[in-house]
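Participant: For N40, K57, D246, P247, E248, the entry in TrEMBL reads ATP binding site. Annotation source TrEMBL lists substrate binding site at D229, R345. What TrEMBL lists as domain 'Aminoglycoside phosphotransferase' is 95-265.
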Amino acid sequence: MSKYHALTEAQAVQYARSLPDLFTPDSELSSHEIGDGNLNLVFHISEPSTGKSIILKQAIPYAKVVGESMPLTLDRARIESEALLIQESLCPDLVPHVYAYEPDLALTVMQDLSDHTIMRKGLIEGNRYPLFAQHIGRFIAHTLFYTSDLGMNQQEKKLRVKQFINPELCKITEDLIFDDPYRDADTNNIPPAIRDAVEVLWKDQELLLEVAILRNGFLTKAQSLLHGDLHTGSIFIKEDSTKVIDPEFAYYGPMGFDIGALFANLLLNFTAQEGWSKDAKSRADYRNYLLGTVKDVWSFFVGEFRSLWALYGVDRVFAGESYQDYYLQQVLRDTWGYTGAKMVRRVHGLAQVADINKLEDPAAKERAQRIALRIGTTLIKQHRQATSIDGLIEIALNNVE
Ligand code: SR1
Ligand code: MG
């Protein structure tokens, strides 16, 4: 019989006490369920007498954001803990440390990052993070390079693909990003004020062709072990530290999907400056900061990726500079396309973003949503012609007044 049960706060304390070497025996521990994501329970366990604390993250057998009508595999906890361990081996300073994984309870014990802020919240508050581009550029370069056929043993890579087969979580992405936003699906949550603009997408044959191409890439291009859900809610940040969390959607897919997820969420905040900025000057300043971050992330990624390839590339056939230029051009094109797709889904699909949804002024919210749809659909339509990151930035700028 399965030993799985969803923990209460009291049971989470009991479990934490059973872990060796973390807390003082018999000391008082406090437990709070603090999960505000779409899927899981998250318990913060602390020992007031020493200030020690940990996080227990537990998968539940359905998607919390929808309820029991959307069952979801507990295997996502295994995927997440195994992905975190691989990422930690590649970028130890950029992910939380995993202390333990308990398969029977679908539970991961990890480092508490309460001294950091969720980046989405930090951006909504108008904060800037000068080291972020460098940190995340290194994260994507190392995780994408060293898990690909460019940077690891190609036979072992095939076994990794098998280890990270993640059909149920991939299906969520296939539906919510590459299908439902482009039809009148029940899962959509279409803001009435922009229904006209949304319905235009459903009939736009040029757009639907490019979405089909991106969907096919997501389904078939097993390039690297992706984080799989690299939005700004999956990043804990403070001025001098960046930690990437929550890789439960990890699977082998196209590199540009992770980079696009990140850029989309920076650009969604860019659109939401319609409401968050107090005047035109601060709006332009913050938007420039966000676009500068996109550009810097891409530059750090490409610089680091090329150095890794030159020093540690495993395939002599791939070693030529022209092939490397070709390869990175394809990654850029995918990045444009997935940035667009990830923007569109957050405007009127299931699971939207606080950057836009928390705007109080309905007119500002509507403007942000329309801008996001324009930028997103333009990037999707033009992704196969992309030649530079500056082009993506230009599209963002051209779609605000
Ligand atoms: C039902 S899960 C909805 C979304 O939450 C996660 O963060 C993923 O982005 C997923 O698409
Ligand atoms: Mg998540």
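Cβ coordinates come from backbone N, Cα and C, glycine included.
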Participant: Averaged over the whole of the domain 'Aminoglycoside phosphotransferase' (95-265), what is the pLDDT?
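Facilitator: PLDDT averaged over the stretch: 98.
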Participant: Expressed to the nearest Å, what is the distance separating P247 (ATP binding site) and D229 (substrate binding site) at their Cα atoms?
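Facilitator: If we compare the Cα positions of P247 (ATP binding site) and D229 (substrate binding site), the gap is 7 Å.
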Participant: Between the Cα atoms of D246 (ATP binding site) and D229 (substrate binding site), what distance do you get, rounded to the nearest Å?
Facilitator: 8
Participant: Taking the recorded ATP site as N40, K57, D246, P247, E248, identify the other residues of that chain whose CB atom sits within 8 Å of the mean position of the site's CB atoms, giving them in sequence order.
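Facilitator: Nearby residues not in the site list: G37, L39, A59, R76, A77, E80, T108, I245.
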Participant: Please give the maximum pairwise Cα distance, in Å and rounded to a whole number, for the ATP-binding set N40, K57, D246, P247, E248.
Facilitator: 12
Participant: Pick from N40, D246: which of these binding-site residues has the biggest number of other Cβ atoms within 10 Å of its Cβ?
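Facilitator: Highest number of other Cβ atoms within 10 Å: D246.
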Participant: Below 8 Å Cβ to Cβ and six or more residues apart, same chain only. Which residues does that give for D229 (substrate binding site)?
Facilitator: D246, P247, E248, F249, A261
Participant: About how far apart, in whole Å, are the alpha carbons (Cα) of K57 (ATP binding site) and R345 (substrate binding site)?
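Facilitator: That comes out at 26 Å between the alpha carbons.
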Participant: What are the non-local neighbours of R345 (substrate binding site), defined as same-chain residues 6+ apart in sequence with CB under 8 A from its CB?
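Facilitator: Within the chain, R345 (substrate binding site) has Cβ neighbours under 8 Å at L176, I177, D180, P181.
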Participant: Quick one: what's DSSP say for D246 (ATP binding site), helix, strand or coil?
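Facilitator: SS state of D246 (ATP binding site) = coil.
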